[in-house]
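What TrEMBL annotates here:
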type	residues	note
DOMAIN	1-29	domain 'EF-hand'
DOMAIN	30-65	domain 'EF-hand'
DOMAIN	77-112	domain 'EF-hand'
DOMAIN	114-149	domain 'EF-hand'
DOMAIN	191-226	domain 'EF-hand'
Amino acid sequence: KIVGKIDEDGDGFVTVEELKAWIKFAQKRWIYEDVERQWKGHDLNEDGLVSWEEYKNATYGYILDDPDPDDGFNYKQMMVRDERRFKMADKDGDLAATKEEFTAFLHPEEYDYMKDIVVQETMEDIDKNGDGFIDLEEYIGDMYSQDGDADEPEWVKTEREQFVEFRDKNRDGKMDKEETKDWILPSDYDHAEAEARHLVYESDQDKDGKLTREEIVDKSDLFVGSQATDFGEALVRHDEF
């Protein structure tokens with residue numbers, strides 16, 4: 001049934017374009033549902049807005065009462081970061097988010113005006129020495145922890161080469177804000193298209209560039225495992241299909 005949904009023109013085949021459109025639809029729906037769910041828990045006075053105070057109290061209220069939580073996690077720092085992101089999402093600066101602004105707060109990577117904060121947060125997470133840049137060791141350390149291994153796996157060596165060859169464009173040994181942006185939010189990369197091409201390539205047994213229902217069913221594990229297609233979720237909630 002899901003295959004029928006993706007096959008928009010009903011010709012019995014699923015093309016890369018149709019799969020890409022489905023992936024974009026599935027992602028939008030996931031974001032919409034996530035926002036709806038969180039909205040209910042945060043718009044406490046039900047005035048159609050989520051204020052920073054409402055969000056802060058719902059998310060951090062119990063922690064603010066106990067400034068020294070047992071798990072040792074720095075919630076204060078997290079709250080400061082959330083407040084900065086909330087203020088960035090809140091376009092009119094009234095410290096109360098409309099549903100659209102709240103969506104930008106929860107899913108900043110979906111909004112152009114939020115991209116700087118996505119880059120800033122990423123840099124803060126990875127830049128361990130606090131110099132405002134990501135050097136090679138910090139870049140690798142974000143993906144791989146050596147834990148006493150003498151030999152690095154092949155993929156780590158490849159990532160080192162990627163850093164030197166492609167990430168660090170001005171070859172100064174570290175990634176600045178612009179270089180980090182090109183890495184995590186590349187302007188010429190369409191995530192949905194890349195995933196659609198990958199799924200077709202892996203499943204297209206007769207190599208005609210499109211998928212039959214049988215080819216998809218044969219590789220159903222691949223599709224259910226792909227977060228992008230939301231198949232796992234769709235199969236669980238098959239009532240809407």
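In case you wondered, yes, glycine gets a Cβ from its N, Cα and C as well.
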Given pairs 6 or more apart, does the domain 'EF-hand' (77-112) have at least three Cβ pairs under 8 Å with the domain 'EF-hand' (30-65)?
yes
Per-state residue totals over the domain 'EF-hand' (30-65) - DSSP helix, strand, coil:
27 helix, 2 strand, 7 coil
